[in-house]
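Here is the structure we will look at, set down as structure tokens.
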Amino acid sequence: MKKVGVIPNINKDKDLEVTKSVVNWLLDHGSEPYLNEIVAARIGYEKHGKKANEIYSKSDFLIALGGDGTILNVARLCAPFGTPILAVNLGHLGFLTEIDASELFPSLEKIYKGEYAIEKRMMLEANVVKNDMEVINFRALNDIVITRGAFSRMARIKAYVNDNYVDTYLADGVIVATPTGSTAYSLSAGGPIVYPTVEVIIITPICPHTLYSRSIVVSPDDVIRLEIAEENQDLMITTDGQQGYKIDYRDVIYIKKSNEYTNLIKVKNSNFFDLLRDKLTER
């Protein structure tokens, strides 16, 4: 029996009709759906309610119903377990969602027949060190960003790669992105577009004060060190635009490739460049 985690974005599937139809399909095909306990109660399937950790760790695969933001959140939570994700779009066209809701059930039929592939996406790991002690760590599928607040002055951030000094960025912040994240915030800040399955790390200053400060692409084996080089009352580190932590003068952030990957289920012969053209036309 397949155990399948169903994770809806309740802001996009407000009445949970899509979620309920997925659960019914899974039950009809002899599978056991795993649901958040609150969601399970709302649709009358309390016995299928599970704790979050059990959903991510024990499911054979996950169905994420939402948009790119939903996928980013699910990716971080299930990465330690390597659980594959079928990303279903319930909103605007995204870079991460594999299918639309109208394609969901034919896609599930393909998965149950073994007609799918797994695409591995590189992730990042960040560690914040304060007074020589690690205080928090993050993982990200898209990017790790250091940014200033709305009313604070420019940040001064020293960047090193493998202890080799790169530059001191006087800027609104710095983005460290994966290839998956190269089409997100990094692209808006002038960074390069990188094919999503290539493994590199992209460093992009945000609105730098000096014209020569440009994006740098480094090896996935490199370790990036960012040092907060000046007092600034309002600096934050954020991961995938969803988690945040306040950082201060003399804090040090180490960023490297994570040992964990996001495993995306692919059921279509989709073309990244077709998707890229569609998204850039939207912009």
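Glycine too: its Cβ is placed from the backbone N, Cα and C atoms.
Swiss-Prot lists D68, G69, N142, D143, D172, T183, A184, Y185, S186, L187, S188, Q242 as NAD(+)-binding residues, and of the candidates R153, R225 the one it assigns to that same site is R153.
Highest local Cβ density among the binding-site residues D68, N142, R153 belongs to N142, counted as other Cβ atoms within 10 Å over all protein chains shown. Each of the binding-site residues T183, Q242 was scored by the number of other CB atoms within 10 A of its CB, and the lowest score belongs to Q242.
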